[in-house]
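Participant: Take a look at the following structure, please.
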Amino acid sequence: MHEEFPTETPAVVTCGLPYANGDLHVGHLRTYVSGDAYARALESLGQSVAFVSGSDMHGTPIAVNAAEEGVDPESFAVEYHEQYEETFPQFNIEFDNYGHTHDETNTEMTRSFVRSWIDDDHVVEKEIEVAWDAEADQPLPDRFVEGTCPYCGEKARGDECDEGCQRHLEPGEIEAPVSTITGNPAEYRTRPHKFLRLSDFQEYLRGFIDRLEGTENAQNQPREWIEGELQDLCITRDMDWGIDYPADGDESGEDLVLYVWVDAPIEYVSSTKQYSEQVGRDEYDWEAVWKNQVDGVPPEGGEIVHIIGHDIIQHHTVFWPAMLRGAGFNEPRAVMACGFVNLDGDAFSTSRNRAVWADDYIESGLHPDLYRYHIITGSEFTADVDFSWDGLQERTNSELVGTLGNFLYRSLLFAERNYGGTPDAAVSDEVRNEIEAAMADFRTAVNDYRVRGLGRAPVELATFGNEYIQRHEPWKLTDDDPEKARQVIRDCVQIAKAIAVLAEPVLPGKAAALWDQLGEDGSVHDAELGAALESPPEAFDEPDELFEKLEDDRIEELNRQLEERIEAADAGDEEGEDEDEEPPAADLEPVADERISFGDFQDLDIRVAEVLEAEPIEGADDLAKLAVDIGVETRQIVAGIKQLHDLDSLSGTRIVVVANLEKAELFGVESNGMLLAAGEQADLLTTLEDAEPGTKVQ
């Protein structure tokens, strides 16, 4: 059990590495804004902390996109890495160090990790079946191949079931493989590869999950994966782009590079080391975070907090702790996994240009803190959050302008005009208690890993401030009871200072402006939480309004620009289709050349079923549990439709299911059959007429 923050041991906060293969949009930024806010909050508690990340320069997505543009992968990735370095600060995301996986530090650190695994016999070579494109005469690692997930039947990429059960897929597991290079069905060929023996860490991982702190989804999802027998992790790929496997004279390893999910998380360590070297180990010692061993054995956990998207929980709670343990490094203290960001109720679509790009927001002239507040407070951290210009306007005008800004401006303006600044009076017990309660809530939010609570803290205190000033009406007291008027305004100025301190993690730019308005010395970014109760300066100038109301015409223009861009992209798609004599259907897999016999088809027991009940599976992102009537009995089926259908409305729907499929267990829930659905949106197969449950599909 970890002690609460702050701790004497330094901490590190990391964010999942962005792939250096495309422009950033506001959906991507949720992880990094949240990580920045959490690191700032730790600092305000007096915690020594480094906030680090870096660009993921390797892997098949970058190799694929670089080849399409006719450039080498390194040049392609460096261009986006440099773009990210410029973009993050424009959203007040201030990394202590932002590196990349292809630099010298990470290359050597990664090889050091792998050599440790080799020396301790955690690496084994196996002959495995890998996807191969016969026409291109090359292997198809990871995203060079697509097909069907063997676990849930959804469309999947070569290394991940990204649209279904979220499982990591090993080379050779994907079914009905298709090359993304030529579009042809792939074949399988035998190749030697290196594996990390995850089975060596099975018992350790079970204990690790029990110790792990963070969000519930990161604590619960891994239990399914580690309760069964862990499969060894293939750590090499047949590619030219990446960090070479350190073969150490083993000829079979010389033409292999390391899997991207080996060197990517190791960048967390490398980036921390780079920061330590910049400031000096006397100020921040990276090994005190990652390698503070006792008698050569790492402790159960360092003060390491990973902030990621919920689609990479398995990598950070199963693979990564095993990798750390095998190399003698500390395990993470916490993993915080956030939901996705939707755009006005629907998913972002970069292919359709249906996105608000980071540059769009910057060019809009809107303050970055408005986005930070909207995305952090818009939902609980583990849930999906919606971004829209209309939603941003509503939350800004209601909460930041109407509540926070209104209290600050009316109270500080009254204080400056009537007293030249802070009135000469003591803070009342009522207000001191309210500020102390807000500080306690802030500390709790940090230690409970509730980023949303950090955003709510200053607004809730401002809500109290508005009620307090309205209740006492100091404008009436200046003549009738001047001493009481001074007391009320003194309290309000103290609340304003407390708001500046509490708001700094989520609204760093606006908090700095408020700090300056109060005439404070130094920077609010260096202030610790206790400063919320320290006396403000005696004098300050007339304040400016901290927040500007977002007018309808401004938001309408931003919406118009987005709609025009989407329409232009759609029109371009249609024009491209018209130019083809036989336009191919988008995103459809070719019909398999291999045919099955009619007898094989008859072996499938396909029936009409009626949905009796549908409910989400707790802790699973996409899975739902359905009770269905198949005529002869009621069955339970698990399907990846949680995010795609209104489960409450499915009761009574007639669907089509495969009834004689072997039973499977998904996320700890038994599934006895499979429903049939079409496309990425899982359109359910239904019947035109009212076929009774149990009717066989011929």
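For all residues, glycine too, the Cβ spot is worked out from N, Cα and C.
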Participant: Examine the ranges 18-28, 139-149, 546-556, 590-600 and name the one recorded by Swiss-Prot as motif ''HIGH' region'.
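Facilitator: Going through 18-28, 139-149, 546-556, 590-600 one by one, Swiss-Prot flags 18-28 as motif ''HIGH' region'.
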Participant: Take the C-alpha atoms of Thr350 (ATP binding site) and Cys161 (Zn(2+) binding site) and report the distance between them in angstrom, rounded.
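Facilitator: Spelling it out, the Cα of Thr350 (ATP binding site) and the Cα of Cys161 (Zn(2+) binding site) are 20 Å apart.
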Participant: Just counting, how many other CB atoms are there within 10 A of the CB of Cys149 (Zn(2+) binding site)?
Facilitator: 23
Participant: So for Cys152 (Zn(2+) binding site), how many other CB atoms are inside 10 Å of its CB?
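Facilitator: So the number of other Cβ atoms within 10 Å of Cys152 (Zn(2+) binding site) is 23.
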Participant: What mean pLDDT does the predicted model reach across the motif ''HIGH' region' (18-28)?
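Facilitator: Overall, the motif ''HIGH' region' (18-28) comes to a mean pLDDT of 96.
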Participant: What are the DSSP helix, strand and coil residue counts for the motif ''HIGH' region' (18-28)?
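Facilitator: Counts, helix then strand then coil: 0 helix, 2 strand, 9 coil.
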Participant: Quick check on the binding-site residues Cys161, Cys165: which one has the highest count of other Cβ atoms within 10 Å of its Cβ?
Facilitator: Cys161
Participant: With DSSP, how much of the domain 'tRNA-binding' (600-698) is helix, how much strand and how much coil, in residues?
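Facilitator: Looking at the domain 'tRNA-binding' (600-698) with DSSP, the answer is 6 helix, 41 strand, 52 coil.
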Participant: Among all protein chains shown, how many Cβ atoms are found within 10 Å of the Cβ of Thr350 (ATP binding site), not counting that one?
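Facilitator: I get 13 for this one.
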